[in-house]
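Worksheet: one structure, shown below.
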């Protein structure tokens, strides 16, 4: 029983992080029909920026903010100067392009920051809360993780539903040609979409790193889990991505706790294949048929 | 070219294979053990790249999981080489390829139903998942440390035969070089014939237009699974050779990076062309030494200078995709086609149409203006 509670609580925290990452993938997929595999190294390098600032003696929150801002800038730059030039080519080329970017950022990080493991601080306690005599697996940082992901979701919903910019972004994602005719600067909206997604991705990078080790490839697994979570939710719906993230976090935590942590990536592969083959539209799809 | 090598496809490929093998003998005999070892690794990169380029360029399916298939081949070979008295190497390499064939069939059946980014994501998950398996079954598969591989003795008849021709004694790394390049030549001949024939036409038809292919009577699923299986088998063979060359099969050798580097190599060479796979393999083998040396000259430490190689691959991949999606081989072919078109002005319209078709396709594979589908 004790172990089950531990597993579930760990799963919830992990699920929140996967949800954030899946959200970043979904934002970009909706805007440009591209799965940004380079999201993982982009989040990794912004986390390194935070680490450098924190190691230089600044507070955790300065590093945190710097990582998010550099994520915003990086996302915008990548869309404007790399992805923009790809328009109208086959979907395989888009995949290869983001993977090329993946390799480049990866190598750059190892070149600039070194390839060794470095520990990343956490702003809140990493010891579980005490309930009576037992320590439960929910840490202060875990609570912060869940709250910040929920906070980001609320902000995104407010942005997309409640503001003029959000409406324009939705319009350009829905139909570029039509939006352009109605006077929306579609190019700018796409840049903004990528920038926002990169901020959310950076957040997930910071949350995973907190209290753990950072390494140029520490996000490589997360891109797989984020992708699986996004597909669980249908790849098209932000709420679906969040639900997918939580479901995946719980399932993987159960596998890790009861079978073995080495098989977690394999379990995510099995879950992904099961979803794609049985319910290609995701768990919450309303449309019946979809080409995957 | 036609006059030189004959018009029959099979005869042309076999002639090229014999010529290629001669070049291999000359190159391997005239270089030292270090270069021999480099050529051995170029051979396995070439084989794996050829399988992948056929899959992506000819059939339009992407796989980021070929590192995983190489791992399956490598572990099969390593397991069979564990005992004191192992089977002959050709049997072991064949077994590595066959075991991977089975794995490729399982993955391929699932993959045939997926497209573009979904397929990329699923195979990405495969690449990340497979290295965990030997860690979990550390009893039989050696865990993180992996399995050590002892290269069996060189068969006396082979050493004698080479000595008879070249007058030089056979070293172990040269033996591995011969083995790798022999496998590469055989694989390339088989793949070239496959790509030229009915199967290749079917794959291209499926890539270019699914609806038209299906109307022409092609079973889409079967064509996709077959392409995936052929491709995975090549990767398995390459994995077996890798285990021999590296003398170890360990999870750290089959990270996501391996799959991604393989992809960037064939993109540079030109998707869908075997020559392109060979160029890519040469890049994977020889570029690291070159740019690492350059980095050290610039004052970088060894570890950091080693990162210049992947940086180069990644940048080159992005530039190729953005500005020359046909890669090196495709670019040369297009230039040659333009020159021919200028010479005989009558066909220039046709050539322009070809280029426009390539432009539409985006991923340029083998040029096949006729491109028709025939049901045999």
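Cβ coordinates come from backbone N, Cα and C, glycine included.
Just so you know, TrEMBL annotations are computer predictions that nobody has curated.
Per TrEMBL, the features are:
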COMPBIAS  B:349-369  compositional bias 'Basic and acidic residues'
REGION    B:343-376  region 'Disordered'
TRANSMEM  B:12-30  transmembrane segment
TRANSMEM  B:42-58  transmembrane segment
TRANSMEM  B:64-84  transmembrane segment
TRANSMEM  B:91-112  transmembrane segment
TRANSMEM  B:118-137  transmembrane segment
TRANSMEM  B:175-195  transmembrane segment
TRANSMEM  B:225-246  transmembrane segment
TRANSMEM  B:258-291  transmembrane segment
TRANSMEM  B:311-336  transmembrane segment
Long-range neighbours of the transmembrane segment (B:64-84), counting only residues six or more past its ends (CB under 8 A): 48, 51-52, 92-93, 95-97, 99-100, 103-104, 107, 120, 122-124, 126-127, 129-131, 134, 140-141, 146-150, 152, 231-232, 235-240, 242-244, 248-249, 251, 253-260, 262-263
The transmembrane segment (B:42-58) and the transmembrane segment (B:118-137) contact flag, 3+ Cβ pairs under 8 angstroms: no
Long-range neighbours of the transmembrane segment (B:12-30), counting only residues six or more past its ends (CB under 8 A): 5-6, 36, 39, 165-166, 168, 174, 177-178, 181-182, 185-186, 188-189, 192-193
